[in-house]
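J.: Structure provided below as structure tokens; questions to follow.
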Amino acid sequence: MTKALDGVRVLDFTHVQSGPTCTQLLAWFGADVIKVERPGSGDITRGQLQDIPKVDSLYFTMLNHNKRSITLDTKNPKGKEVLTALIRTCDVLVENFGPGVLDRMGFTWEKIQEINPRMIVASIKGFGPGPYEDCKVYENVAQCTGGAASTTGFREGLPLVTGAQIGDSGTGLHLALGIVTALYQRHHTGRGQRVTAAMQDGVLNLCRVKLRDQQRLDHGPLKEYSQFGEGIPFGDAVPRAGNDSGGGQPGRILKCKGWEQDPNAYIYVITQAPVWEKICDVIGETGWKMHPDYATPPARLSRLNEIFARIEQWTMTKTKFEAMEILNADDIPCGPILSMKELAEDQSLRATGTIVEVDHPTRGKYLSVGNPIKLSDSPTEVKRSPLLGEHTDEILRDVLGYSDAHVAEIHDSGATAPPRKQAAE
């Protein structure tokens, strides 16, 4: 079956997480992604957080499925020759180097356009143009500078980063959308273009409801936040609001049966207005249906702590799955707190390809996330990540059309192998 991005060839200069997230998505949709790696070492994540000695880490394997790997010393003249040929052949170049690295390699935007005017050059940086553009950024730095940390956690506690990789993987998702948009525009213009995504920008985009609330503060307190009901004044910036819902409909994480032993025996419950009377029935507070202090959403806002404490009395008598079954029967929005162990063992996620089992030649079988985006006419088959330089000869021959003699010449030049260490005299 033809894949959505069949015929698109991507030159992948990315490393660690943000860039590989982007290029893995493109590969899942059928693009031929050629990962260019440093001879002898490759992507640094091959050796980071290793759980099995001398085997590519899960950090690497889970971010580089469906790709091909070529090792190339881009400082070597023959290596530069190969890279130039790849730029001429590929549709997209993706990189998440520090600012200016690609230029110092001799491949400025102008040079790349000279080689291939149809080339799309996509870049992830920590910050956009401005006072911080030369600063190094990692996941948690992006969360802290993009508005996530200042609005995550509890009011009297430290700012917190989230377990979701919204800085790295989130920006990779944004860049992938930018790339396919640029590819579509190229059909009309015939020209390539630059696509950039800054990690700070990506995090802020995902925190848009907090920017919404920042402006609402100019007109009064945020009444759906817990501190309103507690009578605590608001400052001039959006506060941390614990587990309060950010969507305008009050919600909290509540204890369930077994919470004393199980750190994940909790459920999230939302007191949505259309199902308020059903909530009252479930928890045995039928008198609240018509009581002026509880009957309307505005009346309930100052009493949310009391209301959720009462709902929690009920949820503590049920397991999180029992509570979910009862609440869902009445269309009451809720969701159990699922551990990674529970998710890994969820057969429904296996059936949809959201979690997949992959077989690797040195690691063996392991679990990975699959493509979260499902296309009816372009299903994703998750294939293992490449070994370092596994496809070097294949790419030189099949993509660039080099003869056996030319391939041997490239190898003999040292362009595909780590530099030899000279013995001390």
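Backbone N, Cα and C atoms are what each Cβ position is placed from, and that goes for glycine too.
So Swiss-Prot has the following annotated:
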| type | residues | note |
| --- | --- | --- |
| BINDING | 17-18, R38, 72-75, 96-98, R104, 136-139 | CoA binding site |
| ACT_SITE | D168 | active site, nucleophile |
| BINDING | G247, G248, Q249 | substrate binding site |
J.: Counting Cβ atoms within 10 Å across all protein chains shown, which of the binding-site residues R38, K75, R104 comes out on top?
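T.: Its Cβ has the most other Cβ atoms within 10 Å: R38.
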J.: Measuring Cα to Cα, tell me the gap between the residue listed as 'active site, nucleophile' and E139 (CoA binding site) in whole angstrom.
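T.: Checking the Cα atoms of the residue listed as 'active site, nucleophile' and E139 (CoA binding site) gives a distance of 5 Å.
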J.: Around F97 (CoA binding site), how many other C-beta atoms are within 10 angstroms of its C-beta?
T.: 17
J.: Using the alpha carbons only, what distance in Å do you get between K75 (CoA binding site) and G247 (substrate binding site) once rounded?
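T.: So the Cα of G247 (substrate binding site) lies 51 Å away from that of K75 (CoA binding site).
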J.: When you measure from the Cβ of E139 (CoA binding site), which residues in the chain that are at least 6 apart have a Cβ under 8 Å away?
T.: Q17, V161, Q165, G167, D168
J.: Applying the rule Cβ within 8 Å of the centroid of the Cβ atoms of G247, G248, Q249, what extra residues of the same chain belong around the substrate site?
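T.: Near the substrate site, the remaining chain residues are E224, S245, G246, P250, G251, I270.
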J.: Out of D73, F97, R104, point to the one nearest G248 (substrate binding site) in space (Cα versus Cα); all of them are binding-site residues in the record.
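T.: Nearest in space to G248 (substrate binding site), counting only the binding-site residues, is F97.
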J.: To which of the recorded positions D73, V137, D168, G248 does the lowest count of other Cβ atoms within 10 Å belong?
T.: G248
J.: I'm trying to understand the geometry here, so how far is the Cα atom of G247 (substrate binding site) from the Cα atom of R38 (CoA binding site), in Å to the nearest whole number?
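T.: Just about 46 Å between their Cα atoms.
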J.: Starting from each candidate's C-beta and looking 10 angstroms out, tell me which of the binding-site residues Q17, G247 has the most other C-beta atoms.
T.: Q17
J.: Could you measure between F97 (CoA binding site) and Q249 (substrate binding site) for me? Cα positions, answer in whole angstrom.
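T.: With distance taken Cα to Cα, Q249 (substrate binding site) is 41 Å from F97 (CoA binding site).
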J.: Roughly how many Å separate the Cα of R104 (CoA binding site) from that of Q249 (substrate binding site), to the nearest whole number?
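T.: Answer for this pair: 51 Å between alpha carbons.
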J.: Once the chains shown are all counted, how many other Cβ atoms turn up within 10 Å of the Cβ of Q249 (substrate binding site)?
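T.: If we count other Cβ atoms within 10 Å of Q249 (substrate binding site), we arrive at 14.
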J.: What is the interatomic distance between the Cα atoms of V137 (CoA binding site) and Q249 (substrate binding site), given in whole Å?
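T.: Cα to Cα, V137 (CoA binding site) and Q249 (substrate binding site) are separated by 34 Å.
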